[in-house]
Amino acid sequence: MDLSAINPILLLASLMVAATPILLAAIGELVVERAGVLNLGVEGMMITGAICGFIIAVATGSPWLGFIGAAIGGAMLSLLFGVLTQFLLSNQVATGLALTLFGLGLSALMGQGYLGIRAPSFPDWHIPLLGDIPVIGPIVFQHDPMVYIGLLIVASVWFFLNRTRGGLILRAVGENHDAAHALGYHVRRTRMLAIMFGGACAGLGGAYLSLVRVPQWTEGMTAGAGWIALAIVVFASWKPGRLVLGAYLFGGVTVLQLNLQAAGVAVPVEYLSMSPYLATIAVLVIMSAGRAPGSLGRIFHAAR
Amino acid sequence: MKRRTLLASGVAAATLAMAGLPALAQDKTKVGFVYVGPVGDGGWTYEHDKGRQAVEAEFGDAVETVFVESVPEGPDAVRVMQQMALDGADLIFTTSFGYMDQTLEVAAKFPDVKFEHATGFKTADNVGIYSARFYEGRAVQGHIAGNLTKSNIIGYIGSFPIPEVVRGINAAYLAAKAVNPDVEFKIVWAYTWFDPAKEAEAANVLIEQGADVVLQHTDSTAPQAAAQAAGNVYTFGQASDMAEYGPMPRVSSIIDNWAPYYIARTKAVMDGTWESDSTWDGIGAGMVGIGEITDAVPADVKASAEALRDAIAAGEIHPFTGPVNKQDGSVWLADGETADDGTLLGMNFYVEGIEGDIPQ
Amino acid sequence: MIVLDKRPQPSRMWSYAAPVLAVVLTMVVGGILFAALGKNPVEVIRTIFLDPLFSKNAWFYRPQLLIKGAPLVLIAVGLSFGFRAGIWNIGAEGQYIMGALCGAAVGLAFYPMESWLIFPLMIMAGAIGGALWGLIPGLLKVRFGTNEILVSLMLVYVAESLLAAMALGPLKNPEGMGFPGSRNLSQYPSAANLELISGSGMHWGVVAALIAVIFAYVLLARHMFGFQVRLAGQAPRAARFAGVNPARMILICMGLSGALAGLAGMFEVSGPAGQVTIDFNVGYGFTAIIVAFLGRLHPVGILLAGAVMALTYIGGGIAQSNLGLPAAAISLLQGMLLFFLLAVDVLTNYRVRFSNRVAA
């Protein structure tokens, strides 16, 4: 055993990168759930974003355009969910599960012919001055741009939800859609926008895997990341600030156990890997009743 | 067709199949493949499917190949195999360890259909098994890695702690140790065959802890990308050549090359000479391919690695040749003794010098 | 502008016509997709939806429908009670795993002893294991008011990790050459859930599914509990006045659905699957949620929905092997079928009206 081999600076730095795809997907789902909609199709939207982004990045040679394409692809798929649940009033749990099934199939079909191709490279930013700060520099300021964009999105969502009128409406719709409707807010329009934002973010998260993390296209490459994103939203108790913490914790458990293994510590990997989920349940219990958005998962139909 | 005749023909087909007669007179030889992953996984299943395509290319109109991908190990596998047999397959390759019992179960019902099960250890009159001596390739990798490393730390991403993987670790370690006595292995278990995000993480962790060569026994290219991002780190392709990451970080690779075997066994069925056997081929027979060693490797190392490869292929060198002790210091192989296949197949111990325990 | 008016009662006509319409729409859109993939759409649709029932090998496929459909129906029937009462257990996958683990652990504990008592004990262990796992979110909801959707989902991941730990550790087959996975229970007579009539596909899990359907039908139509369940879902406040104890309702629904999911897992692991392996679960618990909705939470509907779902899996396998259709196209088709079913369902519960007034 040689714990000194673990470099805490590098560990934290790689944590920021490891957490980015789930953070992106989770912040989108957070907005969706705050609007009172439970979309279990995150995995399907992520992988669709992964292939859309990959195809466009390869075709144009620009990873930036790839990310935009991924966001659009994810949003388009989520539109399907939105129309079904908001206009045709289908059950959200069943529709979300169907969306995952659909997305996995769709992405695999779209990805035929894109095997063994490399994505155009997406270099790290070495932010001048800030990146040279000892200790903090390498941890925080020497990553690829999407890491910062992810954090920026989280900050913007926090600002939007807590400091703007639109955010207030969105939360009102999520807490009690009947009351929000009675006040004259557009429940369906708000929710459709939230769902599409969720799809776009999930798409970005998927594309981060196919364009930066791997960076290649393979079927099923999200390997369950979308489901982890769902867990993180709950862990964060629907608060953007805690979401970052949650994403780092979930990503951190993996990074930490791998670090311990490499340092020669015998770790019960399987038991360790269930710990974030148990922690999430504990969080749910501690914060107790009533904190989940009041209308989460319920069908809205304006009685007239 | 009327319902009754349908039923009648169903019963007839059943009787025929159960009696072990060919279900239909046919001119083409039909070969089925059952895959555990999607053909687009770029690794394990992808290479098996390349083998299938090679069979088609070799025999043209004389064969018909069919495959079903992403078949879960369990009742679905039984159904898919049986369906292929009923539809007139003469030979079925089942390409995952987890299909072992299912293959035997279906094979017992179709004595005239030949089955080939990859990486298992149970045979029957119409079930042969085949696997590749990937550890031979691991020895070549270990040789290159031991020469290349400056930090003397070699990282190893294991999938699951099973004999196949442990064997690879031991082979690579012995070969690395032979050229670099100071070499040290850091091993992490990813507990997955394929999870790009986790594999990237594992590679990063190893690199951060000082490894400048990373060997992987998982199938995605994520570790290659991680190594490239880190800069001065060498990697090896796994399952596929992963040549798109050459010349750096990927300096060579182990390629699963099933084509020669699939062609030979299909030929045997066509000629009526097929017999159940257990094949465990290595570099010599071409089942394990060593991908091109790039110029990032110094010329003398490249030459010695190629010499090692050729010697193993010719059977002159066995990667497990004594004296070798087990991790606890007890003697495993005496001087000049080579390992027997039985011990290798069930290998569940590290050789002396590797630190840490195999997770149980 | 199109406006939806809620029907006071679900339309009887549409509740029968909607699924048919959905299947027809799926065939049309799916046909276009298959044509775009360069396949003959009529042939593909026929292969997926009709060949499993009416081809020359249908005698083999029909029993497979039972094997594939039984766990789906068994789980979905259990879930339907909770869904009707507004209690959302979406963690059936975890309860399925726990039932399988508990059942298998009991069976393996007795190995190699033979006794007729072992199998009934395993059934009990499976049901209890699933029920306890389902009761955790139930109890937390009753005691702390936590959201059962989220807790039951989290527990799926915990169960999956536990499954991997068991397959690699305590339940690993000591004669398995070090590979992960338990002994094969279907080869251990006292613990095996074999076909009751050879070749029929009927195993105890199928019997249990049929019993569950009948039992649920009677309960919902004739029994006080069924009335309470419906009332709790439709008018929670009225239910309270009618003396329905919400906490008791939650615990009964979670326990019941968990027990049935656990039973499904236990019958699967001791029969068709045979072994506890790392990826023993293939998503039955999630698919069953879809089946429950397709069947409109009605026992007979669930039976039919389970059969249709099983049909697409089996037909999908045939289409892959015989027509070279990629597996992805099948899962796309399944997703489409569900979307259409969910979409046309609006006609059952709402009346569509055209209005000139712009809706809010």
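Here the Cβ of each residue, glycine as well, is placed from N, Cα and C on the backbone.
Curation plays no part in TrEMBL annotations; they are all automatic predictions.
These come from TrEMBL:
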TRANSMEM  C:16-37  transmembrane segment
TRANSMEM  C:65-83  transmembrane segment
TRANSMEM  C:95-111  transmembrane segment
TRANSMEM  C:117-136  transmembrane segment
TRANSMEM  C:148-168  transmembrane segment
TRANSMEM  C:202-220  transmembrane segment
TRANSMEM  C:249-267  transmembrane segment
TRANSMEM  C:273-294  transmembrane segment
TRANSMEM  C:301-319  transmembrane segment
TRANSMEM  C:325-347  transmembrane segment
Distant-in-sequence neighbours of the transmembrane segment (C:273-294), which means Cβ under 8 A and at least six residues beyond its ends: 19, 71-73, 75-77, 79-80, 83, 90-97, 100-101, 104, 156, 160, 163-164, 166-168, 171, 173, 180-187, 261, 264-265, 301-302, 305-306, 308-309, 338, 341-342
Which of C:65-83, C:202-220, C:249-267, C:301-319, C:325-347 contacts the transmembrane segment (C:148-168) most, counting Cβ pairs under 8 Å: C:249-267
Stretch of maximal Cβ-Cβ contact with the transmembrane segment (C:249-267) [cut-off: under 8 Å; candidates C:65-83, C:95-111, C:117-136, C:202-220, C:325-347]: C:117-136
Dominant neighbour of the transmembrane segment (C:65-83) in C:117-136, C:301-319, C:325-347, by Cβ pairs under 8 Å: C:301-319
